[in-house]
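Each remark here refers to the structure printed beneath this line.
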Amino acid sequence: MAVSESQLKKMMSKYKYRDLTVRQTVNVIAMYKDLKPVLDSYVFNDGSSRELVNLTGTIPVRYRGNIYNIPICLWLLDTYPYNPPICFVKPTSSMTIKTGKHVDANGKIYLPYLHDWKHPRSELLELIQIMIVIFGEEPPVFSRPTVSASYPPYTATGPPNTSYMPGMPSGISAYPSGYPPNPSGYPGCPYPPAGPYPATTSSQYPSQPPVTTVGPSRDGTISEDTIRASLISAVSDKLRWRMKEEMDGAQAELNALKRTEEDLKKGHQKLEEMVTRLDQEVAEVDKNIELLKKKDEELSSALEKMENQSENNDIDEVIIPTAPLYKQILNLYAEENAIEDTIFYLGEALRRGVIDLDVFLKHVRLLSRKQFQLRALMQKARKTAGLSDLY
């Protein structure tokens, strides 16, 4: 039964970056259906334990034209994705771990991708895809060979083969100090049935030429040549492994430096574009400032000129009609309004007792007669000009 996103959030309730971890986990289980999230207790080297979520199941690996289901278990720390997952190969009872530069005798997986893990560049889905590619070149497990009971047990003619676990470069830890590598008592993880795995062949291991001095002497002691050859072989293997580790680390660091260089080049280009754009904007602003100053000077000059002209100009000469008929209408209208004002002030003078009633009536009759004539003449002029009636 598929695990829903809400169930994952409940399982990862104590994770510091729960939503981000859930999102990456959902992407993984959507692509690799055999991987299932399980909440279990993880025991560290110091004996402490912690409830963590692991992805357990199989991933499809193509090896020599066939697809094999490789069982793995990925433990997600509660600080994921800022710390890498702890990865293991978990063989079934019919499988045996093949130790190498990427897998040790306990099944723990070592990859340069894990060593150089850095969020957000590194993520879980990409890690699994890298595992598939690497396991396709060097399978981490193989089928356990069956030994027929009819054959007598094989007696080695030389010293037993020494297995060397892949080590990390000195001074470098693949994981933070708060999360030490998993002890041999790592909790087991159930897996779905897996397909057949490639059986071991002599081509998987380097053949050793026969040496006449190999094996114990007749008196039961091991010869010095045998010990020396064994030590030389062990040291050579260890030196090759260390050299490979150093080369992988240097290549990873070189790739990181190249990415940093590309980012710096892109940033430099963006900064140059920003500086160019700012220079253009500054030039445009300076141009607008000069234009505004010029217009301000023109307005100030025009205003000063108009003020000087207003002091010397007659108000009657300022307004000049476009035609003689319009000038006549303007004069008639002004004169008629002047008579209207005169009659008003005569009434005020009568009210205040400044003039007598006879004087008032005499002047009002004269002004009213003239006003009537002005209005009649103005009406005629407006009609001639095609204007509407005013009264």
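Using N, Cα and C of the backbone, Cβ positions are placed for all residues, glycine too.
Range 197-220 is the one annotated as region 'Disordered', of 197-220, 293-316 (source: Swiss-Prot). Segment annotation: Swiss-Prot labels motif 'PTAP/PSAP motif' over residues 321-324 (candidates 17-20, 253-256, 321-324).
Here the domain 'SB' (323-391) is broken down by DSSP into helix, strand and coil counts: 57 helix, 0 strand, 12 coil. Predicted-model confidence for the coiled coil (237-317) is 89, expressed as mean pLDDT.
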